[in-house]
Structures are given as structure tokens and as C-alpha cells.
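**Student:** Supplied in C-alpha cells, the structure appears directly below.
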Amino acid sequence: MAEAITSVPAKSSLSAFWWASKHPPADPTTSFAGKTILITGPNAGLGYEAALKFAALGASQLIFGVRSLARGKEAKASIEAKTKCAPSVIHLLQLDMASYASIESFAREVNSKFPVVHAAVLNAGVAPPAYKRSPEGWEMALQVNVISTAYLAILLLPKLRATGIAAGEPTHLEFVTSVGHGDVAVETVRDARSILGKVNEEANFKFTAQYSITKLLEMWVMRHVAAAARSSEVIVNGACPSLCKSSLGRDFSIMLRAPDSLMKAIIGRTAEQGSRILVSAVTTGQKAHGGFWSHDRIAVPGVLVTSDEGKKLSEQFWKEILDELSKQNPDVEKLLSESS
């Protein structure tokens, strides 16, 4: 396994994105024959391109977590046409990451219908241009990118662990993260009362910052889930595809979408290039456990992941996440403890 890229903590910049666009990751060649791969948000962009690669590399079963079954069917048909994989390979399961009930239903289906899951790629994410609450009462990016992603990860851990034990080699749980987590100012997340509450407040919402904030919080979640899992059974990591020409800004107004699209056109990777990182992240060894996978390397995360203050805030936030999820499901902490 490669060592860290640099001792400099992760941070985004135009020059870094330019470099990344000129140095795309290697295209994975690992065979996924005999493997069952789960991916959320595979309808478009990075998720679609990653799913396409998994199919082309011979995955025996692909589980698609999709909000829209109609769009899921379109993606399935497209991938089958391009890879000639059998219709029995791709399975569509409905998943609305804004709904706890939908997440629970999805996890139950996965656990009951599939004997094994060798890798789960938690790719679904949003970048809302305006403040909006989820049905569960949280700001939408906070809900989907952080709270719901944490919940789904915890619900999938037992299946991943059982698969790893039976196979005699670790499975993979991948959080799709972002180098933007390194740009977050500590003042935006520091709150003695509640970090969740602070990030959830409409008065604190700035669409230009919220996505990066949620990606920092997701990094914290990833590290704590990794701490709860044995790397010999489940390798948990975060993967950053860098700035990509993807559908992430699809909800932006035309005034916002135009400059966003222009920047991505000039210094962004293609969705196909970015998806290579999502695929290679589930081929990493135990040294990548709890790590930040970027540019085909284990990179150094941002300061608020590695510093003493960041770790202290991370502990506070993790307790808040567990408190929130335990209200929905009293078995959350038990599921984590059984994986450690």
C-alpha cells in the first residue's frame, strides 16, 4: 500500500484541482468476479460511472440503492447494454436517503435478499443551493450526507462483517468524501451545546460552505465507524474523487450552474476519471482502514480530522450522532459494539 501523498493536510484549491485534472487516477483492473457490490446513487455522474466499472470488471451482483426506480431502470439498462452483463446482475432497491424509514427498509432488503455483500460504496450525496429541511427535520445536506449515511453504514456493518469472516478476507465500507473537508473553519462547527444543532440552523446556512462542512462531519463519522470495526473483517475508508464534471450541482439555479459548470469544464476531472477512485478504494488493504483515499494514495486528511481540537470536536459530534440515531433505533450502539 502506498504511503501518504504528503505531510500537508488536505485542502482544496484551484491549483490542486488543475493538477488533479491533469493527473487522473489509474483505471482499476481488479476483477470483481464472485463479488457482490452495493452502491448508492448509481443513476448518474460518479455513481453511474463507478457502477459501470464494477459491472465491466465482472461483479457477480450489483445492488443499486436508488431514490427513483424509473431512473434506476434506465441506468441498469444502459450498463447492461454497455457491458453485456446479464440482467440478473443488477438489482434495484428503493432508497431515499432523506428518510430513516426508507434506509431501514433498504437495509432489511439487503440483509434478507443477499447472502453476502463484499463492498458498500456510500456515494449518494446532495449539495442544495438553498436551505431546506428533510422530512426528519434536518437541513437536507446534513441529513443525506452525514446523518443518513452514518445510519446506513451502521445498518450494513453486520452483513459486511459476516461476509468478511466467512470469506476469510476483509470486505469494504467506503464513504465518498471530499478534499473540501479540509477547508472548513473551526468556528463553523465549534459549539459546546450541539454541533449538529449549529450546522442545522438556517441562520448559519451558506450554500458555498455547507457541502464542505457536511464532508468534514462525514469524515468524522467514517473515522468512528472505522474505530468500531476490525480491519481484518471490514476495511472502512473515505474516498475523494476530486472536483469532477458530475451531476452534484444539478439543483443549482442557472446563475449558479453556469460558473460551476465552467470551472468544472476547465479544471475538473471527468465523472469517469473520478469514479476510478470510488472503485479502487474498495481494493485497498488494511493500511487504508480509517484512511482518506485520494489520487491513488492514502492522503493526509484535513487539520480538523487530525488535530487535537478536531479530534475532541469529532468525539462530541459522534456522541450527538449516536444520540440522534438511537432515538430512531435503540440497537444502533449494539450494532457498532458487535463489530468491534
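The backbone N, Cα and C atoms fix where each Cβ goes, glycine too.
What Swiss-Prot shows for this protein is this:
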- TYR211: active site, proton acceptor (ACT_SITE)
- LYS215: active site, lowers pKa of active site Tyr (ACT_SITE)
- LEU46, ARG71, ASP96, ASN123, TYR211, LYS215: NADP(+) binding site (BINDING)
**Student:** Rounded to an integer, what is the Cα-Cα distance in Å between ASN123 (NADP(+) binding site) and the residue listed as 'active site, proton acceptor'?
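**Tutor:** Computed Cα spacing between ASN123 (NADP(+) binding site) and the residue listed as 'active site, proton acceptor' is 14 Å.
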**Student:** Among the recorded positions listed here (ARG71, LYS215), identify the one with the smallest other-Cβ count within 10 Å.
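**Tutor:** Output over recorded positions ARG71, LYS215: least Cβ neighbours within 10 Å is ARG71.
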**Student:** For ASP96 (NADP(+) binding site) and TYR211 (active site, proton acceptor), what Cα-Cα distance in Å is obtained after rounding to a whole number?
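**Tutor:** Roughly 19 Å, rounded to the nearest whole number.
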**Student:** Which residues of the same chain, at least 6 positions away in sequence, have a Cβ lying under 8 Å from the Cβ of TYR211 (active site, proton acceptor)?
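**Tutor:** ALA127, ALA141, ASN145, SER178, GLY180 - these are the non-local Cβ neighbours of TYR211 (active site, proton acceptor), listed in sequence order.
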**Student:** Could you give the Cα-Cα distance between LEU46 (NADP(+) binding site) and LYS215 (active site, lowers pKa of active site Tyr), in whole Å?
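**Tutor:** Distance between the two Cα atoms comes out at 16 Å.
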**Student:** Going by DSSP, give the three-state secondary structure for the residue listed as 'active site, proton acceptor'.
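**Tutor:** Assignment for the residue listed as 'active site, proton acceptor' reads helix.
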**Student:** Please report how many Å separate the Cα atom of ARG71 (NADP(+) binding site) from that of LYS215 (active site, lowers pKa of active site Tyr), as a whole number.
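**Tutor:** ARG71 (NADP(+) binding site) and LYS215 (active site, lowers pKa of active site Tyr) have their Cα atoms 26 Å apart.
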**Student:** By a simple count, how many Cβ atoms lie within 10 Å of the Cβ of LEU46 (NADP(+) binding site), its own Cβ left out?
**Tutor:** 30
**Student:** Look at each of the binding-site residues, ASP96, ASN123, and point out the one with the fewest other Cβ atoms around it within 10 Å.
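**Tutor:** So among ASP96, ASN123, the binding-site residues given, the one with the fewest Cβ atoms within 10 Å is ASP96.
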